[in-house]
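Beneath this line is the structure, given in structure tokens, with notes to follow.
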Amino acid sequence: MHVDCHIHIALNGQNYKEYQNKILQGDYQPIKDVLKEYKKRNVLYLRDGGDRFGISYIAREFASDEGITYKTPIYAFCKVGSYGSFLGKPINGIDDFKNEFRRLLRYKPDHLKLIVSGIVDFSSYGHVTEEMSFDFDEIYYMVQSAKDENLQVMVHANSSKSVRAAIMAGADTIEHGYFILNEELYLMAEKNVIWIPTLSPLGNLIKYNDKRFEKQMDNIKKIYFNHLECIRKAVQLGVKIAIGSDAGSHKVMHGQGCFNEIEHLKKAGLDDEKIKEIAIKNSRLVLNITND
Ligand SMILES: [Zn+2]
């Protein structure tokens with residue numbers, strides 16, 4: 001049985017508008033079709049990154065019919081005016097978080113998802129659209145509030161600054177983590193934080209030689225190979241890495257995503273034993289799977 005620790009069922013890897021519109025009009029067949037794709041490939045453990053429409057909330061209801069364990073934060077929290085509003089709820093300050101977190105708990109989230117930085121800028125190497133959106137005290141408060149509710153915390157962070165803040169605040173997993181430095185790798189190893197490097201969104205653009213990104217392709221390759229190098233170092237330092245493909249994002253298809261991710265990870269020069277440990281042991285740890 002395979003695991004994907006980072007998917008977005010609210011997106012479908014291509015022209016998602018039509019897909020989303022159907023669902024939002026009450027036709028849930030597209031969600032069921034996606035779950036069938038997972039089942040067909042024996043990917044039976046899924047962890048969603050959330051969405052603002054409640055699509056992952058609906059998916060969780062259907063997943064058990066397919067024998068899939070499906071975990072979702074329902075929606076993520078991001079900072080007002082910063083990246084992430086399509087994945088969740090923009091909030092402003094701790095008081096706002098307190099109210100919104102109380103509301104979120106009614107939907108019984110399986111974990112908390114925080115978006116604390118922007119995304120990788122394909123046009124300029126080393127650049128993230130926003131280094132850190134919340135300040136450290138806010139991140140710490142949000143993470144600890146989740147811990148009080150026994151919820152794991154999944155943090156979207158790119159840039160050394162935001163990854164470090166997330167680790168120091170007590171995050172359980174770092175998602176993406178582009179442009180991290182050795183210091184954060186040491187910290188992840190020391191604090192037993194699991195890193196989900198999501199290589200597939202960039203890796204698949206390279207793999208399929210996506211013409212839409214022709215002008216940025218050199219940079220995308222540079223970023224991807226730098227990320228592979230960080231992964232190689234992380235493994236040497238004893239950081240636990242897990243499989244999360246970001247399936248649903250452009251060119252990362254549901255069901256196939258986790259296999260793409262494994263394929264990309266192999267490019268970091270990891271041996272079969274290590275890949276197995278990442279794909280099975282570590283990824284199951286993220287989803288708290290202990291029964292098989
Ligand atoms: Zn994501």
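For all residues, glycine too, the Cβ spot is worked out from N, Cα and C.
For reference, TrEMBL has these:
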- 129-249: domain 'Amidohydrolase-related' (DOMAIN)
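Under DSSP, the residues of the domain 'Amidohydrolase-related' (129-249) split into helix, strand and coil as follows: 68 helix, 16 strand, 37 coil.
This prediction places the mean pLDDT of the domain 'Amidohydrolase-related' (129-249) at 97.
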